[in-house]
């Protein structure tokens, strides 16, 4: 007898990790929601060979929380929809008006779960079915914030700080915008040491351990890549 195992890979496959496997893709790698807008559209595409069911929801940062238990100041329409192969679907994201800080951005996450159709019964084979989840950031941006989001990327202040038995790169963000970092590297003694990635919130700091650094050389610099509103990568270099 055929056994069909359906695994919801919600906690296993995210964004770029799942993009090469998932059929449903989101148009864009992030969403910026201006506070003055009534709603924002997010377009989905089914690039696969089969129709799928798509479930979408918002979360506040905990990727393991079940959709039923999450409360956010947003409504997604439609939350569940069938998406035929080769077709597109627009999700309408609506801010409900619940109070959010008006002096800085707030960040939420949009989840898109792709559930494949059930396999047809076959007595001689086993089937393993996966459901892929893509998760991207949604930045709620109040009106009249000081400065610009593009400028925030180059306003980061960097320094090397002790961390346990080693060192970490600390990025401080004086702006009212979030800064998403990828590929942060410390340049030291002719070496390029990986410090990972992360997101620095408005008025916050982020520490990135540099596990390979054992002493502090005289000349240090940091090379980092930040992601702008359109998903483009911007490269920067700073001396420490």
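Every residue, even glycine, has its Cβ placed from backbone N, Cα and C.
Going by TrEMBL, these are the annotated features:
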- 1-22: signal peptide (SIGNAL)
- 23-145: domain 'Pili assembly chaperone N-terminal' (DOMAIN)
- 172-234: domain 'Pili assembly chaperone C-terminal' (DOMAIN)
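The domain 'Pili assembly chaperone C-terminal' (172-234): residue composition by secondary structure is 0 helix, 37 strand, 26 coil, according to DSSP.
Applying DSSP to the domain 'Pili assembly chaperone N-terminal' (23-145) sorts its residues as follows: 3 helix, 65 strand, 55 coil.
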